Every structure is written in C-alpha cells, then in structure tokens.
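A short write-up of the structure that comes next.
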Amino acid sequence: MNINLDSAKDTLCKNILIYGHCKFENKGCAFGHSTSKSQKSTTTALERTSPVSSPMSVNTSLNGKADTKKRFNFNTPSFQPSPGAAASAASVGSLTGKFSGLSPKLDKIPTFVPSGESNEGLRASSVTPIGAASRKFNTSASVFTPSTFEASSPSVNITPNPYANPPSSAGNQSISSMGSNDMYYQHTSTNYPLNYHLYAPAPPPRLMIPLPSHQTNSQEMFIPNDLRETLQRRNETTLQTLGGLSNLPDNVGAYHSLMPVDMETKSSVFGVNSAVYKVFSNVDGLAYALRKFDHSDTIQIDNKGPFKTVERWKRLQNSNIVGLHDCFTTIAFGGNRSQLCVVYDYYPNANTLSEQHINRKLGSKLEPINEDILWCYIIQITNALMDIHKSRLAARSALNLSKILVVGKNRIKLSSCGIDDIFNHESDDTTTVQDLQKQDLERFGKVVLSLALLMLPGSPSSRGTQDQINSLKGVVGDEMIDLLVKLNIGFMDVNLDKFNQFYLSKRSIKMINDLQKSQDYIESQLTNEVENARLFRLISKINFIVDSPHLLWKENEKVNLIKLFNDYIFHQHDESNRPIIDLSRVLIKLNKLDCGIEERFMLVSRDEKLSILVSYKELRDIIDSCFRELAK
C-alpha cells in the first residue's frame, strides 16, 4: 500500500476514531493524531459544501445574530447540515423549534412505545424529556449495553398448565417463571410422537421385490411393525408420568405417581364430579386406573354399607369386564370432605365405543362399524352379562357407550362396574336384583340399536324405537332385525341362556375361529422372540473378552482372534472406505456363530498384515473357553 507522507499527516488516524487512541503514535504512524485539527478541517469542509440560500422560517441564528443564508434548500439533490449546527453545541429542544415551521404538528407526534413494555414504562416514557431520550444511545461509550428484554420483546400469551406448579409452593413457581422472562431462555419445544422404527420400514406391497424361497429380508427377522408399534405405544403410555411439578398428591392410599387420563369435569352418566388417573400400586408395582368422585349429596358414605357388593365384584373374573381391585375414601386430594376412589385394571390407549365410532378423539380417526363388528360386540357383552347375572349382580351404568372400552381389535370390556351399587346402596334395599337385571337387558338393547344406526347413510332420526329398527331393514340382515326387536321391545321376556343359544350360537363359532387365528399369530410372533436374547448374550461375551485386561497376558492369541472377528462384524468398509452399516449381515454372521457351523471365513487385521482362516465352530469354542477363564 503506497502512502503519501505529505498528505497522510493531515488525515486523522482511524485508531483515534475507533478506539480513541493510537498505540503507534510517535512510533512510526504516518497519520495525524490531533483531534483539534481534524475538527477545524471538518468545519472548513462543511462551510465549503453548504448551500447559500435565503432563510425559510428562522430569522435569527442559533447564537442570536441575524443569519441571511438560507438554511435549507429543497432543490439540492441531498440534504447537507448547516455549519452552525455542526459547530455549535445547541440543545435538541432548540432544534425542535427550528423545525416547527415545517410541520405545525411536530410536537404532537406520539412517542413509540413497544407493545411488551409494562405500564410503569408507559408512564415513564410519556414524561421523559427529548434530550434524555436522545442520550439513550451513546456512541462514545466503550461497551455496548443492550436494553432490557422485557421492554423490547412483544408479550406472549402462554396458556397455563394446571399441573405445572403446586399452589402451595411459591418458590417452585418463581423458579419456573424466571426462565421464561430471560432474554436467552430457550422455551421447551412441543413433544412429537417418537419414531418407533429401529430400522427402515417395509416398503408398500406394490414395491416389494419377490425373493426366492431360500432368501429373506430384515423385516422377516423381527415382529411386524404394526404389532411392535402398538405394544411400544402402550408401554410408553403406561410409563408416562407428570414429573415433580404437579398439584396432585404424591400418594393416594396405596397408590402413587398419579397421571390424569380423563379429566371430565362432571360425569354425564353418574351426575357427579369425577376424574380418572393412572396410578402405580405400592404392593405389586403394576399400573391401575383410579376413578375419583368428589363428595356430593349423591354420595353418602358413613359406614361400610355402600361397599357390601365390592367383594363380589372383586371375585368376578371375566374377559369382557374390567376388573375391580379396590375401593376406599380419602382426603388426599384436599378439601374438608372425603372423596370416593375406585381402582380398576388399567388398559393403556383404550377408547370407549363412543370415541371409537361416534365422537372422534383428538389425534385419532373414527372406525366405521359393520354388521360383523356389531355381532362381535353383542357376543362379548352377552358373555359379560351372563357372568354378572350369575353372581347376582347388575351391570347398570356400565352398559353405556361411554363406559364400554375398546382395548384391542374388536375387543371390548365393561368398565365402571359396581359404582352404581355404591351410590344407590340405600335404594337397592327395596329393589330386587331381578328388576335391575331386566334394566340391564333394556340398556343392552339401546347400546346395540345406537351402534346399528351408525350404519345408516344419514344421521339417525329421533323417531320411535320401532321406526328406527324398520329403517335398518336392507342395511343389516334379518337375524339382526329380530335381535333388535327382541332386546328393545320384548326385553322383559329375555333369558340370556336361551338368547345365547338361539341368536348367538352360530356367530359364536365364527368368533371362536377368529380368536384362534389371532392366538396362533401371537404365539408365532412370541416363538420368534422367545430367544431374542441369544445374540445379546453372544455380543456381551465378546465385549467382556475384548475389553478385559485380565486375558491379555494369558490368552493373547485367542483374544486377538476374537478382536479380529469383532472388527469383521462391526468395522467393515467398502471400496470407498465408508463404514458398512448392514443389520441383516450382522444378524446372519452372529446366528452362524451362535449355531457353530463348519463354514470357514477369512479374518484380516486392520493393517492387512495378518490373515487367519477359521470356522464359526472353532471361533465359538474359543469364545466359550475365554469367557469361562474370565469367569473364574
């Protein structure tokens, strides 16, 4: 870079402009370091470039003398500051008066205030002088200090979580709200469903490449994706917890880790405030569903009288009934009055019949119903009612679309059994069990008719029962029409044993056949996975031997051979020196090693200076002997 030394001394050094000083001054820097000269040169340059014009609205200069020069000329291509404004240190208020002639409403312009500023900031900004506002940003400051985040960021409306902070712990609430107002606080992102595919999913059937009978693919080595995802989602739902910040009690009786499942404010069936929680038992560690009822005039529990039928419900075991495990009162939820708690078996990700076919649940889709599914439901409900009535009990409110759970593919269970016996224990003394069982048959008919009307193309009408049944002719078979007439009109003469023999015997055979097929399918998948820990045990043995320092001096050659096999399985590279990630290859090689076949293969060291020909049988014997030596 060529510098003219004669002209450089008249140019102010950039270190003075940037840092305020130059560490090379008097040490060879060719530029000028006197600020007074630069100010004079700047003023002189401004005087040369300022236009000459007559005054427009101001008749006196800033220092009190008449100024005949025109301060502003709108015909000039660009605005140039006047020499008086650059040379004097006039206040901002006088400059405001200078421009008052241009805009008569200049003083009435409102001050901009960010939307996120507090009310105190609004009042302070309305009375702050303009001069103070102009000094908010100081270019001569050595360190830049950003303004507060609260005054500059827009307000964000966040929906409060009712289980986020316990109301009795003010300290936890302040800690949780502290981070949200921090400038650098990273808000928690939305949790999306996990991807349960541990490997590439199977392609659509139209894209499947036909393989010979002696070949297979990686999908055949594991359980099907749909079955595995269903089981994993159930497991995830079962183990889900709220965490430490919750206003729910830590323990309720012999149960802990409460997780809301159904937060219905008021039960439409029982008419009282209720909520359902998933809990874990302190006795066996299993998950259960705890239904809590708030105290009301409907619930009068002063002694053990309301629980007289609970023991019979506990002894009742049926594949289509949600088992009842416990029933008690507690004050753990707070309040002056106790709440009723009833504990049932827990079925994760279960929907009610209403959620499955009528009212879509959030994140799911409605399943269309047909006559075969309806027959399947009728058989299962009949099975549950037969066992309930044989135990001299009544299902009562459990026969409701919102109380029948769908726990699997066309598998249903009656839930909330025994609650009506607790609520109405006084009136049950005057009502016979036979009358309650006749009411069960009436409710049974209404449930079946409500599901059958869903098969109509339009919405079901509010006509009489007979007209609704007649509208189903042509949609369902004659046997279904006769069954609907029997359950909804002639239910007083229904005997469940004869009803089962006359209407359901043929259909039951078909359902048993489908259940046997499903059982065979599940057993075949279980058979494939019963020894799924073989390869894990084999890999564990290899890692124990490879990483153990105790065998290096005693079994050096054998350990090196096992290390070469470990590289052969997990550290292979292709011709482009990229690692080979092939799960099917790993499974095939480990299965050959586990079986100990006589097939021989070549092991090569990483530097390619050593190569050994060995069989899987010999290598398995070496691994077993080294592991036994290590176990001693």
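Please read every residue number as a count from 1 along the shown chain.
Glycine is treated like the rest: Cβ placed from N, Cα and C.
The ATP binding site annotation in TrEMBL covers ARG291, ASP345, TYR346, TYR347, PRO348, ASN349, ALA350, ASN351, THR352. TrEMBL lists 506-544 with the feature coiled coil. TrEMBL lists 45-63 with the feature compositional bias 'Polar residues'. Residues or ranges marked as domain 'C3H1-type' by TrEMBL: 7-36. Residues annotated as region 'Disordered' in TrEMBL: 32-67. According to TrEMBL, the region 'Knob domain' annotation covers 545-632. The feature zinc finger is assigned by TrEMBL to 7-36.
According to DSSP, ARG291 (ATP binding site) is assigned to a strand segment.
Under a cutoff of 8 A between CB atoms, and with a sequence separation of 6+ in the same chain, the neighbours of ALA350 (ATP binding site) are LEU405, VAL406, VAL407. Per DSSP, the secondary structure of the domain 'C3H1-type' (7-36) breaks down as 10 helix, 2 strand, 18 coil. Taken as a whole, the domain 'C3H1-type' (7-36) shows an average pLDDT of 81 in this prediction. The Cβ of PRO348 (ATP binding site) lies under 8 Å from the Cβ of ARG233, ARG234, ASN235, THR237, THR238, LYS278, ALA287, each of these being in the same chain and 6 or more residues away along the sequence. Across the residues the record lists as binding ATP (ARG291, ASP345, TYR346, TYR347, PRO348, ASN349, ALA350, ASN351, THR352), the two Cα atoms farthest apart are 16 Å from each other. Note: ARG291 (ATP binding site) has non-local neighbours SER274, ALA275, VAL276, CYS341, VAL342, VAL343, TYR344, SER416, ILE419, i.e. same-chain residues 6+ apart with C-beta under 8 A of its own C-beta. Note on TYR346 (ATP binding site): other Cβ atoms within 10 Å of its Cβ, all shown chains, come to 21.
For the region 'Knob domain' (545-632), residue counts in helix, strand and coil come to 46 helix, 12 strand, 30 coil, using DSSP.
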